[in-house]
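**Student:** Structure provided below as structure tokens; questions to follow.
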Amino acid sequence: MPLNKLIQDGDNQDLTQERFKATFDTDELAAVFNGGEDRLQRIREVRDELTKRGHLFDALPAAHRTRAERMEDVSRKVRNSAQGFQMTRKMKSDFFEFASLYSEYETNFFIHNFLRFLHPSNYSLLKNLMENVSDFADFTNNADMLIITRDVMGIEGFPLALHNLMFVPTIQNQADDEQQEWWLMDALQGKIIGTYAQTELGHGTNLSAIETTATYDKSTEEFIIHTPTTTATKWWPGGLGTSCTHVILVANLIIDSKNHGLHPFFVPIRDRNSYSSMPGVRVGDIGTKMGVNCVDNGFLAFDNYRIPRRNMLMKHSKVSKEGVYTAPSHPKVGYTTMLYMRSEMITHQAYYLAMAMIISIRYSAVRRQGEIKPGTQEVQILDYQTQQYRLFPGLARCFAFMTAATTVRQMTESCIKELSHGNSDVLADLHALSCGLKAVVTHQSSQSIDQARQGCGGHGYSDASYLPTLYTCSVGACTYEGENMVMLLQLSKYLMKAAAKAEEGAVMAPLVAYLAKSDPIENGDKYGKLLNHFEHVARHRVMHAYRQMIEEEKQGIERDYAFANHSVDWTKAARAHTKLFIARGFVKKVQEVSNEAVRDVLNTLAELYLSYELIEMSSDLTTNGYLPETEVQQIRHQVYDSMRKIRPNAVSIVDSFDICDRELRSVLGRRDGHVYDNLYKWAQMSPLNQKNLPHVEKYLKPMTSKL
């Protein structure tokens, strides 16, 4: 039996020949990528059940529909889905039993995927969706929920994404027990729909400048929510435009004219029956965006709007009836929702990138263009070294990023467990790491996806490829949940403190212990040698930025200004530190794989990842004579050698991501490789191919008929 399990009769001949070249079992690598054999098997079982229910999927591609049509369809699907499922008393009891058995992180992950399923969007879910899948799907099983949402709904977003990702987890993490009894089940059942409103028109990442106020009135035991300026208008929250009835509002807590800083509040903004905005609330949609236009991002402002005292989330901070304020045990204890969100973002980015690699590498095996030697047969574009250089580093990043996502998810879960016991020791370390991972992974994922799009030529620019959608979904994450440059600077502040400790000879946290080391005399084995290079680059960048800053301080420049004067160097240091973390994790993961053939393939991918990333930082390797140019050239040749080794297995590697055609939604990335006939069929579905089009009848035909 062939090692590649996707070979079928009638497929494109070139693609079939590629699959016969596999040197490893694709099911074995699929298990590694997807989190184990049991999870892979469950994913396939759920997918098979969905295949039997063809009515759950749209016949018309989303690209052939207007935003208004999509939004109307979204609203219909939300309503039908809600009608198709009502949580019984027993299910409520089961849920709270589930929540008591698992960590907050695990419960939030369940809630996230549960609600993504409950409120689907862009791809038509017909009436009673829940009834169609409840006989085979387990709502507490992450694999079930993920495969259903990806397969049935796709990745383009839906109005209730923030309800799932931030509104419900914030209630879980920051509301006290009584508040959770009031609000959590209503949120789970879709009786209330919420989002997370923090960013304002005038300020996003600079949270200290947020203007919205929540002033406590002791006489009525209420908070007065107010938007004092136009720039204080909440701007961008997903689902706020038309869908939400409530928000978690981040506002400045004011008691007796004293500002206690930002705190979260549970705020109703629309009547649940009429959907009219509440008196004193101004809310609406902000319009179209570069992508993800089935999410109705909105604006929100308040005119001295009153809410009860107990609508402030009080698990960590409290305000008594008398107006006595109790601060949280740790100033960053409210970051748990953000940490959860970022760990999810990294996973999603790895998944988007994997989809792009499937599409571009399969298409590159099918597409023949040009001749290496004039007069010979046209070659597969995957045979060009330039094409491999465009695609294969992104392929390696898929595994590196998915490994990083798994690691940071485990760290986040552990941190939240520790916080529940009053231990916040690792919170600062994890927050800094999440900032760096968010910035590096989103930037490099979107960069690699765009290279995949360009590598597919003109057809990659077509929505039929799905690559434009993948790019806009990925690149948007470079901005939301913290603009990337600001994220790098936040990590830089952490590294600045670590550098000071290294200079003092103090005890270092494990993530930054390398700063106190010297460059090794012996470089160790293959991986040890390359990881030492990563450590050198990170250490050199961090300590260089720190020492430059200290020199300015000695000249009388205040630290804040000295830091700002070297912020470019600090962001470079933050990137290098983050890449070191990713590289270490990838190597560790590869070394844990027991299947020799799979491990050989992953070894080659890891060698490519490490070598490629080092060459991207090659100027740091020769600075101060750390490496001679000849050794840097050896690393560069390692990139090319790794690409050559990957080439025969490239199609089988992307096949191992185990993403079916329905999830992929790409004509270019079809499993069977029959691209051209299906591109033609896809084009025929365009609404512009109908007869008697208004723009032709009204304007063009009258012009030409007079000639």
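First residue shown is number 1, and so on along the chain.
Even glycines carry a Cβ here, placed using N, Cα and C.
So TrEMBL lists these for the protein:
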type: DOMAIN; residues: 138-193; note: domain 'Acyl-coenzyme A oxidase N-terminal'
type: DOMAIN; residues: 196-304; note: domain 'Acyl-CoA oxidase/dehydrogenase middle'
type: BINDING; residues: Thr199, Gly238; note: FAD binding site
type: DOMAIN; residues: 335-496; note: domain 'Acyl-CoA oxidase C-alpha1'
type: ACT_SITE; residues: Glu481; note: active site, proton acceptor
type: DOMAIN; residues: 529-704; note: domain 'Acyl-CoA oxidase C-terminal'
**Student:** Here are some recorded positions: Thr199, Gly238, Glu481. Which one has the most Cβ atoms within 10 Å of its Cβ?
**Tutor:** Gly238
**Student:** Taking just the CA atoms, what is the gap between Gly238 (FAD binding site) and the residue listed as 'active site, proton acceptor' in Å?
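**Tutor:** Cα of Gly238 (FAD binding site) to Cα of the residue listed as 'active site, proton acceptor' measures 12 Å after rounding.
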**Student:** Give me the CA-CA distance between Thr199 (FAD binding site) and Glu481 (active site, proton acceptor), in Å, as a whole number.
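**Tutor:** Rounded to a whole number, the Cα-Cα distance is 9 Å.
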**Student:** Kindly report the helix/strand/coil residue split of the domain 'Acyl-CoA oxidase/dehydrogenase middle' (196-304) according to DSSP, in that order.
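**Tutor:** Going by DSSP assignments, the domain 'Acyl-CoA oxidase/dehydrogenase middle' (196-304) contains 6 helix, 48 strand, 55 coil.
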